[in-house]
Amino acid sequence: MATKRDYYEILGLPKDASVEDIKKTYRKLALQYHPDRNKDPGAEDKFKEISEAYAVLSDTEKRAQYDRFGHAGIDNQYSAEDIFRGADFGGFGDIFEMFFGGGRRGGPMGPRRGSDLQYDLYITFEEAAFGVRKDIDIPRTERCSTCSGTGAKPGTSPKRCPTCGGTGQVRTTRSTLGMQFISTTTCSTCHGRGQIIESPCPVCGGAGRVRNKRTITVNVPAGADSGMSLRLSGEGDSGEPGAPSGDLYIIIHVMEHRHFKRVDYDVISELSITFTQAALGADVMVDTLYGKVKMNIPAGTQTHSVFRLRDKGIQRLHGHGKGDQLVRVIIKTPTKLNQEQKELLRQFENLSKGKKPQEEEKSKAEKHKKGIFEKVKDAFES
């Protein structure tokens, strides 16, 4: 399957483009590539591509989802028709017909599509990082098994509506000032279904649907983050007889972790070290999502220094590598010192503030200073 182009690239706009700029650019490109105006073989495909980009970027919610998760955020949350639903295409009212042959889901006539449902799913930090399968219980309307969704009593069947002849629509013609006006309305006898039920099903009362609780398995991909939405097509409420079911939208909420935070696909953590480890350097063990990892603290490290552990972050959506773990070190300052520790620190301070020795004494001083530091380390880490 061909990779979709970036929506901003399609419209030739920067990512911070205003809604007004997006609309203005769309109108210009739509006029240029509309199949009624442009007879080039690729014009219709280009027009569809432009219209899809506009439908997403002109909608605040869809644009935010796209900016955060890319095409995966749109494809996981919206059906093909939902992408275009609600978009203002100006004078290009044939968009829906061009894409879907005029079949508008949940339109004003005919049996109604089932309602979409939403479920808030809470997962742990680790589950978001590595992915998880969750079984959830969803209360929803389903097709009645007694009447197989027809709404009619077993052994009987719905009859064609005598008022509309099974179309679900009634056309009315009236003449005014010598001109004829034709209007089409939903049939009031069958309420747009085209059928009437003379003997309703005793279980569903003729609705063709009943309320049930269904267990559904949700596959949360590795790299999921709070605010991400997963669309499960057809897992919403059942539609009226002859109409499709709605969709189920799973909204992801990632619970906070005691030690880790997340920025995009990077993991942020803190590590406390002693001031002797910071001054002399040391190898320390760091907790990661993948277990403990050895990390080197170089001599002279300052508090709040940040070290990067490559590929110890979170799996990117759809398997394109991992983020890193950023470890910020915090140097612990001792609060209770015994007499020996105080004396050693005073000796070290005196050496640090002392005048530079002569060349022949420098070596001795350096050795003495090192000896003091080793004593300090032993005193504070024993």
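Cβ from N, Cα, C; glycine included.
These come from Swiss-Prot:
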type     : residues                       : note
DOMAIN   : 6-70                           : domain 'J'
ZN_FING  : 131-213                        : zinc finger
REPEAT   : 144-151                        : repeat 'CXXCXGXG motif'
BINDING  : CYS144, CYS147, CYS201, CYS204 : Zn(2+) 1 binding site
REGION   : 146-168                        : region 'Disordered'
REPEAT   : 161-168                        : repeat 'CXXCXGXG motif'
BINDING  : CYS161, CYS164, CYS187, CYS190 : Zn(2+) 2 binding site
REPEAT   : 187-194                        : repeat 'CXXCXGXG motif'
REPEAT   : 201-208                        : repeat 'CXXCXGXG motif'
REGION   : 348-382                        : region 'Disordered'
COMPBIAS : 371-382                        : compositional bias 'Basic and acidic residues'
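Feature map: annotations from Swiss-Prot on the structure.
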residue: CYS144; record: Zn(2+) 1 binding site; DSSP (3 states): coil
residue: CYS161; record: Zn(2+) 2 binding site; DSSP (3 states): coil
residue: CYS187; record: Zn(2+) 2 binding site; DSSP (3 states): coil
residue: CYS201; record: Zn(2+) 1 binding site; DSSP (3 states): coil
The number of other Cβ atoms within 10 Å of the Cβ of CYS190 (Zn(2+) 2 binding site), counted over all protein chains shown, is 23
Checking 144-151, 161-168, 187-194 against the repeat 'CXXCXGXG motif' (201-208) for Cβ pairs under 8 Å, the most are found for 144-151
Sequence-distant contacts of the repeat 'CXXCXGXG motif' (144-151), meaning Cβ under 8 Å and at least 6 residues beyond its ends, amount to 157-158, 197, 200-204, 206-210, 238, 241
The rounded CA-CA distance in Å from CYS144 (Zn(2+) 1 binding site) to CYS161 (Zn(2+) 2 binding site) is 22
DSSP tally for the domain 'J' (6-70), helix/strand/coil in that order, comes to 45 helix, 0 strand, 20 coil
Note: in the chain of CYS161 (Zn(2+) 2 binding site), residues six or more apart in sequence with C-beta under 8 angstroms of its C-beta are GLY168, CYS187, THR189, CYS190, ARG193, GLY194, GLN195, ILE196
Ranked by how many other Cβ atoms lie within 10 Å of their Cβ, the binding-site residues CYS144, CYS147, CYS164, CYS187, CYS204 are led by CYS147
Mean pLDDT across the domain 'J' (6-70) comes out at 88
Other C-beta atoms within 10 angstroms of the C-beta of CYS201 (Zn(2+) 1 binding site) total 22
If you measure between the CA atoms of CYS201 (Zn(2+) 1 binding site) and CYS164 (Zn(2+) 2 binding site) and round to the nearest Å, you get 23
Whole-Å Cα distance, CYS204 (Zn(2+) 1 binding site) to CYS164 (Zn(2+) 2 binding site), is 25
